[in-house]
Amino acid sequence: MIFETANAKLNLSLDTLYKRDDGFHEVDMVMTTIDLSDHLVFQKTNNHGTIHIEVDNRFVPTDKRNLVYQIIDYFIREFNLDAGVHVELTKRIPISAGMAGGSSDAAATLRGMNVLFNLGLSLEELANIGAQFGSDIPFCVYNRTARCTGRGEKIQHIANTPSCWAVIAKPNVGVSTKEVYDQFDVEIHQAKINNDKLVRALENKDYLEMVKHMGNDLELVTEQFVSEVKQFKETMINAGVDIAMMSGSGPTVFGLCQKERQANKVYNSIKGCCTDVYKVRVLG
Ligand code: ATP
């Protein structure tokens, strides 16, 4: 039996550069991991080639629409595995929220299958397999702060992350990443993000310099159809966060605080207007 943890991610930045000929957007973003995670337990079964996923959330598919299923299916075929796999998935990461829940579960499955079947693949090899299934999966395989370019799959690790807390508020709706990108206009939505300066601030563990260079240029798109994005940001700023912004394509909004006491105050303020709120440590 193999246990894996799948951490959620937050975007410290998301700069969308242009739409490529293959339909993907070229991005330049910095992502980090947080102490909010799904849990997966993998077990071999005697039912050759059979994949069974048990999940505690009725909104998560358990068939081939689930990335966990797709990764296991790939391993069974690619490595001729003579067994079935049973997975117990405990969901804690909000769904369709911009926190890479599905991608992180997929990454945990890559790591889990590698150990369960003693395949001896490196993290780099797992990340390369993961990239075929989703742009955020390589980042989730390594599970630490990185600058991600290309369509998100090219990873450059960042050694340090200043210690801080995040208060996270998820509006009561999900958004599809594709839908947000379809509405995105590179000419109009240029947030002032400087990823070189952001990376330098992280490397120097300079929290105040880090928050100066954070930003997400998908925010202006998502807030057009999810009014809570603006509202939650305002509430968090009034409650004293150092920066409030959206993660990924949203609609999750998060605020950063250097001190836990400050994060507690923000948590209590946002709890009044949002039912899905978390206070977590940024893990780096
Ligand atoms: P990202 O930040 O990478 O864009 P997200 O938070 O926007 O991810 P997910 O929570 O990963 O979105 O879910 C998006 C869709 O993927 C859901 O509609 C769901 O049906 C599907 N999905 C596939 N596998 C999973 C999984 N293991 N957990 C949750 N959703 C999954």
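Every residue, even glycine, has its Cβ placed from backbone N, Cα and C.
Copied over from TrEMBL:
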type     : residues                                                                         : note
ACT_SITE : Lys9                                                                             : active site
DOMAIN   : 66-143                                                                           : domain 'GHMP kinase N-terminal'
BINDING  : Pro94, Ile95, Ser96, Ala97, Gly98, Met99, Ala100, Gly101, Gly102, Ser103, Ser104 : ATP binding site
ACT_SITE : Asp136                                                                           : active site
DOMAIN   : 199-271                                                                          : domain 'GHMP kinase C-terminal'
Gly98 (ATP binding site) to Asp136 (active site): how many Å between their Cα atoms? 11
Quick one, of the binding-site residues Pro94, Gly98, Gly102, which Cβ has the fewest other Cβ within 10 Å? Pro94
Specify all same-chain residues, apart from the site residues Pro94, Ile95, Ser96, Ala97, Gly98, Met99, Ala100, Gly101, Gly102, Ser103, Ser104, whose Cβ lies within 8 angstroms of the center of the Cβ atoms of the ATP site, ordered by sequence. Ala8, Ile93, Gly248
Whole-number Å value for how far Lys9 (active site) lies from Ser96 (ATP binding site) (Cα to Cα): 13
Are there any residues at least 6 positions away along the chain from Lys9 (active site) with a Cβ closer than 8 Å to its Cβ? List them or say none. Met31, Thr32, Thr33, Ile34, Met99, Ala100, Ser103, Ser104, Asp136, Phe139, Cys140, Ser247, Gly248
With DSSP as the reference, give the number of residues of the domain 'GHMP kinase C-terminal' (199-271) in helix, strand and coil. 41 helix, 11 strand, 21 coil
Report the recorded positions (Lys9, Pro94, Ser104) that meet this criterion: Cβ distance to the nearest atom of ligand 1 under 6 Å. Use sequence order and write none if nothing qualifies. none
Lowest local Cβ density among Ser96, Ser104, which the record lists as binding-site residues, within 10 Å: Ser96
